[in-house]
Amino acid sequence: MLTYNIVNLKKEEEERLRNKIRADHEKALEEAKEKLRKSREEIRAEIQTEKNKVVQEMKIKENKPLPPVPIPNLVGISGGDPEDNDIREKREKIKEMMKHAWDNYRTYGWGHNELRPIARKGHSTNIFGSSQMGATIVDALDTLYIMGLHAEFLDGQRWIEDNLDFSVNSEVSVFEVNIRFIGGLLAAYYLSGEEIFKIKAVQLAEKLLPAFNTPTGIPWAMVNLKSGVGRNWGWASAGSSILAEFGTLHMEFVHLSYLTGDLIYYKKVMHIRKLLQKMDRPNGLYPNYLNPRTGRWGQYHTSVGGLGDSFYEYLLKAWLMSDKTDHEARKMYDDAIEAIEKHLIKKSRGGLIFIGEWKNGHLEKKMGHLACFAGGMFALGADGSRTDKAGHYLELGAEIARTCHESYDRTALKLGPESFKFDGAVEAVAVRQAEKYYILRPEVIETYWYLWRFTHDPRYRQWGWEAALAIEKYCRVSGGFSGVKDVYSSTPTHDDVQQSFFLAETLKYLYLLFSGDDLLPLDHWVFNTEAHPLPVLHLANTTLSGNPAVR
């Protein structure tokens with residue numbers, strides 16, 4: 001009897017399901033017939049209504065206020081006036097150069113990513129995608145602020161409030177928009193307290209998260225801001241992600257988690273760190289390429305210049321930004337620079353210390369302009385280094401600064417080439433034509449500034465001023481500042497691009513070089529790799545600490 005009842009119940013249930021499916025099917029058919037009876041215009045109107053509803057829902061979500069968080073103690077966001085008249089005049093000159101760069105961008109390139117100062121029109125590259133996202137505005141904001149150019153800062157703020165939109169069908173570099181846009185917006189928020197900058201930074205960060213949807217969690221190099229589809233650069237070692245790109249997210253992402261209370265950003269960057277810690281490193285060195293599908297290294301190429309540089313910088317700065325509690329990051333940094341010193345740092349026949357590149361099992365005796373930042377990094381990391389080697393690393397930083405100054409001094413324009421060799425009789429000089437250009441890069445001046453802060457040796461101000469005069473003489477044009485194609489030619493050709501990082505980094509570091517140490521003091525601020533200052537976070541008792549004992 002029980003079996004009979006169970007069978008009956010099953011039959012009834014199946015019949016009910018069949019009837020429901022039939023009814024749903026008939027309803028769907030009726031809706032389809034109804035749609036077919038409508039005109040094309042009616043269908044279009046319905047689609048538009050649905051679209052508007054989605055847009056409205058997104059706007060409500062985007063404008064949702066973020067939770068209030070205690071702002072770190074902000075020290076030295078203005079001032080730094082030098083007592084010496086000569087130094088004050090030099091600082092004023094740097095400020096005038098910034099105004100010239102900004103005013104011309106404001107006139108001829110407003111809203112575009114960058115400026116073509118000779119053609120006097122907007123300029124962009126594929127790192128920013130196909131949209132006009134005002135990269136120069138976002139990148140320059142904090143420089144304007146610390147220079148006291150508040151009317152210009154307000155102009156930029158208004159543009160961001162009215163025009164900066166990340167819901168665009170545009171494929172961008174995750175690394176570049178992180179360091180320039182998220183870094184720039186966060187710095188502008190901390191300096192000014194204006195909520196709009198924080199809101200925009202978080203909106204953009206949400207658009208970058210789909211880039212992490214890979215089998216390993218190592219993000220793609222590029223992501224479409226609208227669709228969330230990611231991919232890697234075609235040239236990067238069989239579809240690999242690049243160490244300096246996926247390894248240069250930590251500072252900004254930790255601040256995002258701090259400001260939003262959402263741990264997703266922190267977890268993404270800590271996952272990358274954990275994965276790297278588990279991997280074998282040839283000679284203790286990190287190769288520049290890692291495949292995000294397989295989790296294996298690509299080509300064994302290690303560099304402290306392009307492709308590797310800011311990964312090492314962010315290990316050190318993660319420790320500094322955590323108020324020196326992220327011991328895990330400090331250990332990774334110390335291990336890495338010990339391997340770099342053992343395998344990559346050499347002395348030339350002429351006595352110049354340089355950082356080579358490990359490629360295909362041998363050392364290439366070539367150093368890039370990008371690698372010149374390392375002088376500042378070694379100086380910044382000297383305090384807290386192992387076995388009382390602070391003096392050694394400060395001296396190493398000074399030697400790198402001297403080598404990079406020589407790369408400037410041995411040119412006709414007194415501006416450094418993109419890369420330079422140490423082969424036989426050739427030292428600190430570019431050999432190939434394709435390496436003789438200067439595109440307004442900041443790394444050498446960045447190192448001068450750090451060495452000045454730690455030693456107060458007047459040579460760093462002298463060298464910085466030499467570079468400033470050379471930029472003024474050879475790169476300044478009536479419509480802004482332009483890079484030059486050959487630093488060894490006394491009659492250089494301009495490349496007609498005013499890079500956004502010229503305003504974000506080069507002019508900021510020059511201004512700081514001729515300012516007092518009380519402007520953005522280094523025990524309270526850590527600069528991201530685009531020179532955007534972010535405050536030290538006292539995280540020892542929070543879940544954002546990199547200290548395993550605390551976690």
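Using the three backbone atoms N, Cα and C, a Cβ is placed for every residue, glycine included.
Given the ranges 40-62, 63-85, 477-499, the record in TrEMBL names 63-85 as region 'Disordered'. The least crowded of the disulfide-bonded residues C372, C404, judged by other CB atoms within 10 A of its own CB, is C404. Nearest by CA distance to D309 (active site), out of the recorded positions E176, C404, E418, T529, is T529. When other Cβ atoms within 10 Å of the Cβ of D309 (active site) are tallied across all protein chains shown, the result is 25. With a cut-off of 8 Å between CB atoms and residues at least 6 apart in sequence, the same chain places I179, G183, T248, D309, S310, E313, Y314 near T529 (Ca(2+) binding site), listed in sequence order.
Between the alpha carbons (Cα) of C372 (disulfide bond) and E443 (active site) lies a span of roughly 6 Å. Note: E418 (active site, proton donor) has non-local neighbours G368, H369, A430, E435, K436, Y437, Y438, I439, R441, i.e. same-chain residues 6+ apart with C-beta under 8 A of its own C-beta.
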